Amino acid sequence: MKLLNKALLMDDDAIRRAITRIAHEILEKNEGIENLALVGIRRRGVPLAKRLQEKIQEIEGTTVPLGALDITLYRDDLTTLDVQPVIHKTEVPFSLNGKKVVLVDDVLYTGRTVRAALDALIDIGRPQVIQLAVLIDRGHRELPIRADYVGKNVPTSKREVISVRVMEVDGEDGVSIQDMVD
Amino acid sequence: MAWQHKDLLGLRGLSKQEIELILDTAAPMKDIIGRDIKKVPTLRGKSVVCLFYEASTRTRTSFELSGKFMSADTVNIAASSSSVVKGESLIDTGKTLDAMGTDIIVIRHAASGAPHLLAKHVKARVINAGDGAHEHPTQGLLDMYTIKERKGRLEGLTVTILGDVLHSRVARSNIWGLRTMGAEVRVCGPSTLLPPELAATGVQAFTCIEEALEGADVVNVLRLQLERQKKGLFPTIREYARQFGLNQERLKRCKSDVLVLHPGPMNRGVEIADDVADADFAAIEEQVTNGVAVRMAILYLMMGGSGSGAVH
């Protein structure tokens with residue numbers, strides 16, 4: 001199966017503006033940074049969470065704690081996959097107890113990744129509240145999950161693929177939509 | 001890369017990449033053991049049977065906990081309380097477990113090769129938890145994990161395996177694994193306890209402990225298997241302790257940052273002195289923790305991502 005580029009949805013400026021807006025929304029909704037923490041879902045959620053942390057630091061002058069979550073061990077489809085996922089480390093170097101945690105990921109699709117991330121977070125500690133921030137919401141939910149903060153809503157068909165690229169992982173920033181071609 | 005084998009029967013024949021995959025997977029598993037809630041749902045609905053024909057505390061408990069930490073259903077069978085005492089054969093026991101939907105059988109047996117025989121006759125995946133004087137792959141892996149964690153590497157290290165190499169499945173798994181990973185392996189013990197086929201494995205054999213320890217980065221002290229010493233292979237335990245017991249004085253010949261390992265259970269004052277076993281440079285308790293992490297990694301690799309294309 002090949003992928004055919006269809007359109008560029010966001011360039012680096014658009015991503016930067018989305019991050020800035022989400023940072024403001026997080027601060028507004030939580031009335032500041034008290035007890036706030038950011039946790040990115042590996043892999044591309046982590047650099048996005050880092051950028052949100054930097055933006056919040058810029059606005060408020062204080063750094064909020066940042067963690068990285070690997071959800072491989074919490075997936076419900078491990079034994080049906082042909083390719084074995086490599087497990088990376090979960091690094092949450094602070095207590096989650098009583099925190100307002102903003103979970104950060106690149107794309108929200110079926111909701112299964114977020115469900116797994118919620119399980120993983122709850123095994124590490126007991127946050128006061130968990131909110132969800134995503135760069136792209138492409139729809140097609142299979143679970144009752146919705147994001148609190150969305151960079152861009154993109155209605156898609158299931159034959160389309162959303163490709164998020166971030167500088168820290170892919171060497172460039174951009175979001176594009178691709179078609180699956182048999 | 002993905003795990004490509006049905007079973008884990010020994011370290012002989014495993015590639016460097018496969019060993020690295022297991023060791024790399026064990027690192028995040030160790031984090032889980034350190035958490036308040038030591039449980040992930042990865043193997044929910046999978047069943048692991050520990051079939052032990054020999055007594056064991058740490059290996060059996062370690063496998064049982066690794067399965068439980070990953071939400072598998074684990075069952076222990078001690079041969080002494082099973083149909084084995086009624087004369088049931090190993091193959092029939094295996095087929096019975098298969099018929100109950102067992103996913104993984106962890107087997108310890110006094111006969112070398114028993115796990116291989118079982119693996120040929122069951123659909124379940126088989127993990128060798130020690131077979132006679134042959135291999136104990138998960139112990140070899142946890143030893144390598146501990147060395148790598150403390151030293152940062154395996155390649156280029158000099159590892160001296162000290163003691164009853166003849167009867168030791170731990171020694172064999174260590175030799176195969178460490179050689180594959182590029183370490184230099186020495187063995188040392190009374191000549192009656194050094195197997196003659198050693199030369200073919202590429203290790204240096206010593207009967208003088210002082211020579212064997214010279215410049216070593218790691219000393220892995222084997223347990224003197226008192227239950228297997230019925231043939232009079234050395235005169236007395238006291239003499240063995242005097243000739244081959246590891247003490248502080250002898251350790252001075254090793255590198256200053258030497259690491260001491262022991263697979264346990266220890267005969268204190270025989271193969272290892274008390275003050276060596278309890279020193280900071282010994283990682284004996286850490287080996288036990290790492291054993292759980294390594295076994296979790298193996299269970300994950302054997303059960304996770306095992307779609308149609310992954311196993312042959």
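Quick reminder: no glycine exception, Cβ is built from N, Cα and C everywhere.
Curation does not apply to TrEMBL; its annotations are automatic.
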Same-site carbamoyl phosphate binder from B:Arg35, B:Arg108, B:Arg238, given that TrEMBL records B:Arg58, B:Thr59, B:His136, B:Gln139, B:Gly264, B:Pro265: B:Arg108
Near-site residues: carbamoyl phosphate, ref B:Arg58, B:Thr59, B:Arg108, B:His136, B:Gln139, B:Gly264, B:Pro265, CB cutoff 8 A to centroid: B:Ser56, B:Ser62, B:Ala129, B:Gly130, B:Val170, B:Pro263, B:Gly291
Distance from B:Gln139 (carbamoyl phosphate binding site) back to B:Lys86 (L-aspartate binding site), taken between C-alpha atoms, in Å: 31
Structural state of B:Lys86 (L-aspartate binding site), classified by DSSP into three states: helix
Secondary structure at B:His136 (carbamoyl phosphate binding site), reduced by DSSP to three states: coil
Cβ neighbour count (within 10 Å, all chains shown) around B:Arg58 (carbamoyl phosphate binding site): 15
Most Cβ neighbours inside 10 Å, all chains, among the binding-site residues B:Thr59, B:Gln139: B:Gln139
